[in-house]
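Just below is one structure, and these are the notes that go with it.
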Amino acid sequence: MKIIKTSLLAFLFLLPLVLADLRVGFYNATCPQAESIIQQVVQKRFATDSSITGALLRMHFHDCFVRGCDASILIDPTPKKPSEKSAGPNLTVRGFELIDEAKKSLEAACPSTVSCADIITLATRDSVVLAGGPSYAAPTGRRDGLVSNPDDVNLPGPSFSVSQALQAFTAKGLTLNDMVTLLGAHTVGLVHCNFFEDRLSNFQGTGSPDPSMDPALVAKLKKLCAAGNNPTTFLDQNTSSTFDNQYYNQLLLKRGILQIDQELASDRSTTGIVSGFASNGVRFSQRFATAILKMGSLQVLVGNAGDIRKNCRVFNLE
């Protein structure tokens, strides 16, 4: 058995682009400094903008939920050809310039070797660690997609009910626990007023604020949003820049910003998970690492599928 296993590993090493799946250390032989290059870029950005963690988590989620984790979200639209960036849910996704900076350094060190899809995955992991979240080994070996179509962008929305959101997650092979865990990324998230303003004054046509939101928070957010220009606020109003379990504690205090967030605390299917994470930050961190790795393996392109883009914003053919 040992001889067979050794032979198989040797075969995979000789033909990594044909047979190998995602694995930790995929670039050890072809670009050994890849992960440290990405880490340095993320560290530099985080030092001046800690909100980059939430931005990268959102980018990673929006990428993986559309055609899988293939960096299709990074393609720039053109006057003749829109891309996923053109879709409404992606208009406020940010952090693209960080991916560009990492890609430029990687191309200088190891041309046409490290995929943009892996850059998103690793940069997200590094930013989570910098914000105080779990440290986990992220398998790599993804290839970049060859399609980016705004019509493919169909993401669970901020006003979804728990059951509606769960349908979107289960369609991707993720569980109820995965969903509640991954929404915990909102502990470091920012959101524009237009995503929650309906909860502040005329919730579902009632002419009144959402009764499930703390009145003091309603007043605070009304004042913020009234300033105009669609400002942002933190999804976790307590430890806004720290990756921890306080998001769940905020939900128990009726201080969830998005409707879907607050409904997690009241829906019978999820309230127990929320309470469990609120009382046990270690459990949340461990579950989050597992869930985001599971999400990061959704419909990935490996082997000879896809491509390794030279510029993350355009297909190589262009």
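A Cβ is built for glycine as well, from the same backbone N, Cα and C atoms used for every other residue.
Annotations in TrEMBL come from automatic prediction, not curation.
Quantities reported herein were computed from a predicted structural model and do not represent experimental measurements.
Annotation comment: TrEMBL describes 21-316 as domain 'Plant heme peroxidase family profile'.
Residues near C31 (disulfide bond) in space but far in sequence (CB under 8 A, at least 6 apart, same chain), listed by position: L106, A109, C110, T113, V114. What TrEMBL lists as disulfide bond is C31-C110 (among others).
Its Cβ taken as reference, S72 (Ca(2+) 1 binding site) is surrounded by 27 other Cβ atoms within 10 Å in the chains shown. Among the features that TrEMBL reports, Ca(2+) 1 binding site is placed at D63, V66, G68, D70, S72, E84.
There are 27 other Cβ atoms within 10 Å of the Cβ belonging to C69 (disulfide bond). Sequence annotations record features per position, and here TrEMBL assigns disulfide bond to C64-C69 (among others).
With a 10 A radius on its CB, C116 (disulfide bond) counts 30 other CB atoms from all the protein chains. Per TrEMBL, disulfide bond is recorded for C116-C312 (among others).
Its Cβ taken as reference, P156 (substrate binding site) is surrounded by 19 other Cβ atoms within 10 Å in the chains shown. The annotation substrate binding site is assigned in TrEMBL to P156.
Applying an 8 A CB threshold to same-chain residues 6+ apart, the list for D236 (Ca(2+) 2 binding site) reads H186, T187, V188, G189, Q246, Y247, Q250. For T187, D236, T239, D244, the entry in TrEMBL reads Ca(2+) 2 binding site.
Taking the Cβ of C225 (disulfide bond) as reference, residues of its chain lying under 8 Å away and at least six apart in sequence are, in sequence order, C193, E197, L200, P231. According to TrEMBL, the feature disulfide bond maps to C193-C225 (among others).
Per-site Cβ counts within 10 Å over the disulfide-bonded residues C64, C110, C193, C312 peak at C64.
Of the chain residues outside the Ca(2+) 1 site list D63, V66, G68, D70, S72, E84, H62, C64, F65, R67, C69, A71, I73, G145, S148, D152 have their Cβ within 8 Å of the site's Cβ mean position. Using a 10 Å radius centred on the Cβ of G68 (Ca(2+) 1 binding site) and all shown protein chains, the other Cβ atoms total 20.
Taking the centroid of the Cβ atoms of T187, D236, T239, D244 as the Ca(2+) 2 site, the other same-chain residues with Cβ within 8 Å of it are V188, N238, S240, T242, F243, N245, Q246, Y247, Q250. Of C64, C69, C116, all annotated as disulfide-bonded residues, the residue with the shortest Cα distance to P156 (substrate binding site) is C64.
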